[in-house]
Amino acid sequence: MSGYSGGGCGGQSGGGGGMSVGSVASLRPAHDSTLWRPLNPSRYPAYPVRSPIPLQVPKRSPNRVKTFDPHVAKTFAGHGDWVWSVLFLPDCGQLLSASLDSSIRVWDMGSGEQVGEMTKEPRRAAYAVVMLAGGKRIASAGEDESISIWDLEERRTVGEPLQGHSNSVRSIDVSPDGHYLASGSWDDTVKLWDLDSGSVVEDLVKCDSGTFVVKFSRDGSKLATGFGDGFIRIWKWNWDTREEVGKPIKAHDGAVRSMLWAGKGVDEVLILGTDDGMIRRWNAGKGEAVGGPFHAHSETIHGLALSKDDKIVASASLDYTVKLWDATTWEQLATFTHNGQVFGVTFSPDDKHMASACADHLVYLWDVPRFDDLRGKRSLLAVVHPKQSIQETARIQGDLSNFLDIPATLRPPVSGQSPKVKKRFVDRLKFWHRS
């Protein structure tokens, strides 16, 4: 199966029958760049949003209420650049974070201390990290255009990196059986790798808009891919013959930045987060929208996560927030406010915690109340205290009669100083900072 270089990802696919997935969504023009200079476009890819947002700590709200919860959540300081993704290890005692500072760091959830670090030369930004079958190894990808396999115990790479992309690898995912890895890159391709041999099985598709996200279905029978021109493809894959089967699905306007699978069988749904802050849902089997799109955030939805009990969806956005949603009714359950844009979010294996990756160089660890406690409690907002102290703050809105704490505590770094947040600018096409 060879790749096809065409105008947009809605055109012909690499093999099997072509896939037409709808009309191309055009990007809006960039803002005036007189006072700004562009960063490396391969490292800081495009983030079309409605308005530029400087990376600054929000002003303190006068009506925040101090709370003192014995089950204190934490923030983990140590990265020197934006934290892009987070991952819990299977035993719930540790979590990983990948950052543009090129490092993958291991954190102890109990002590809040860094207990390991993985880097390789040359040092390039790390975007994605996923757990491999067995829980002893991870795969990472980033600006170095390759995928690396790491031994968690020895903190070193295993074998040679998976090479074949010609630009930053933005997204990776592993099939449930652990044999295959899918990768999406800014070289406009999606590749499928055999993890046993380390070789490329197929070049699934080539387009001209960049691949933002790849995601296997939970039974491994399908692979969903989202692109910068607003198209999605769902590959119903026959692993024995390696042929694409099924019909194409028409996507929507706005680039697809994040996705996850929910439900089972005929009720299996692909949930999409887009540049315009909307959440959309597609029935993969029927190839049709489920309900209408709804406005979940004021800016790009960069990450999505589903709780292990399938009851709660978390959405991470460049609007500085993570929001929790009832996965059945889509009622908003809670809002977690950060001190910067949020790029990634994930639930712990026991659903008691949630971790988020932030542009302020911090990893946030949150306590998540039970689902039954959240239902019906609208507009519950947890806000990180702007000062370095072991305090939690929460502002309760709506008709709540008592405080439900979802605390996050700023943990002072060893130096005693907060990591300085670089003032970068997000506009329609590029990231900028002052000359």
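Every residue, even glycine, has its Cβ placed from backbone N, Cα and C.
Taken from TrEMBL, the feature compositional bias 'Gly residues' covers 1-20.
According to TrEMBL, the feature region 'Disordered' maps to 1-24.
TrEMBL lists 76-117 (among others) with the feature repeat 'WD'. DSSP labels the residues of the repeat 'WD' (76-117) in these numbers: 0 helix, 23 strand, 19 coil.
Look at TrEMBL and you will find 135-160 (among others) tagged as repeat 'WD'. Cβ atoms under 8 Å from those of the repeat 'WD' (135-160) belong to residues 42-43, 87, 89-90, 96, 98, 102, 104, 106, 116-118, 120, 122, 124-129, 166-172, 174, 181, 183, 185, 187, 193, 195, 198 of the same chain, restricted to positions at least 6 beyond its ends.
TrEMBL lists 162-203 (among others) with the feature repeat 'WD'.
For the repeat 'WD' (214-236), the DSSP counts in helix, strand and coil order read 0 helix, 14 strand, 9 coil. If you look up TrEMBL, you'll see 214-236 (among others) marked as repeat 'WD'.
Summarising the annotation, TrEMBL assigns repeat 'WD' to 249-292 (among others).
The repeat 'WD' annotation in TrEMBL covers 294-335 (among others). Helix, strand and coil counts from DSSP across the repeat 'WD' (294-335) read 0 helix, 24 strand, 18 coil.
Summarising the annotation, TrEMBL assigns domain 'TEP-1 C-terminal beta-propeller' to 297-362.
The repeat 'WD' annotation in TrEMBL covers 335-368 (among others).
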Problem set entry | Predicted model, mean pLDDT over the repeat 'WD' (294-335) | 95
